[in-house]
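These notes concern the structure reproduced below.
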Amino acid sequence: MSQFSFTKMHGLGNSYIYVNMFEEQIPEEDLALVAEKVSNINTGIGADGMILICPSDVAPVKMRMFNNDGSEGKSCGNGLRCVAKYAYEHKLVEDTVFTIETLAGIVTAEVTVEEGKVTLAKIDMGAPRLTRAEIPMLGEGETPFIRENFLYNNHRYAFTAVSMGNPHAVIFVDDVEQAPLTTLGPVLETHEMFPERVNVEFIEILNEEEMNFRVWERGSGVTQACGTGACAAVVASILNGKMERGKEITVHLAGGDLMIAWTEEGNVLMKGPAEVICHGVYEYKIEA
């Protein structure tokens, strides 16, 4: 029987099991199965996945994110805010501004601290990737995919593809509560046009500075929030002429609000909370 200490945290209800790999050890070959086991709501702790906070050669810390199906993702906006909170509060970093390595690249985090606790985290998510090759999706490599039609159940849905280090398909609807989240979501996620699968977002524009948001996450299904998805939604809204670049947009997710801005300089900034749920020790056994 093996075990490790963990902290369960969430960003707007998007919860992960966080493991401090400066102190803990999980064999590389076990990571996918451990992520699946610990995320199980009935036989594990229950979460949207597992995130490792690791040493890095190029930043103070490195984030590795695993979905609850065991697949490894390249980035996670809500996860990054929680990693920023954990790293500062556990003295893995000293400054309130620092970098985090991800499989999608290095991002910059800035934390707001009150009485020694991080109350808010802002992440510079970098520039969005808009070509098919960068997303990635099939088709002409250098061509963006903006408001193209997808036929499902005799209804045409127009979506825009954006990568924020992970792929997103953003669909505008009149009412997110009536969107085909659990039906169209998994169909698009696994469609052959996306060789690495895709996250699917449904967006309802409220005004020039607010939107409602619902998400079907690649490898996890319906979740309360998706930080990279919120960033992709704002970028897609601007590309489609629905919102203005440079303004801070409030994205209303099922779990709460994020503030997102696609700056004139090109990067996307995400600001929101990160909270600790509990600490504990998880025991597991890998069958031979």
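Any Cβ shown, glycine's included, is placed from N, Cα and C.
The annotation in Swiss-Prot ties N14, N67, G77, N78, N166, E217, R218, G227, T228 to substrate, and of the candidates under consideration, N149, N153, N199, the one tied to the same site is N199. Taking the mean position of the Cβ atoms of N14, N67, G77, N78, N166, N199, E217, R218, G227, T228 as the substrate site, the remaining residues of that chain whose Cβ falls within 8 Å of it are G73, S75, C76, G79, V215, S220, T223, C226, G229. Residues N14, N67, G77, N78, N166, N199, E217, R218, G227, T228 are recorded as binding substrate; their most distant pair of Cα atoms lies 16 Å apart. Cα spacing between N166 (substrate binding site) and C76 (active site, proton donor): 8 Å, rounded to the nearest whole number. For N14 (substrate binding site), the count of additional Cβ atoms within 10 Å of its Cβ stands at 29 [all protein chains shown]. The two recorded residues G77 (substrate binding site) and C226 (active site, proton acceptor) have their Cα atoms spaced 7 Å from each other. Compared over the active-site residues C76, C226, the count of CB atoms lying within 10 A of a residue's CB peaks at C226.
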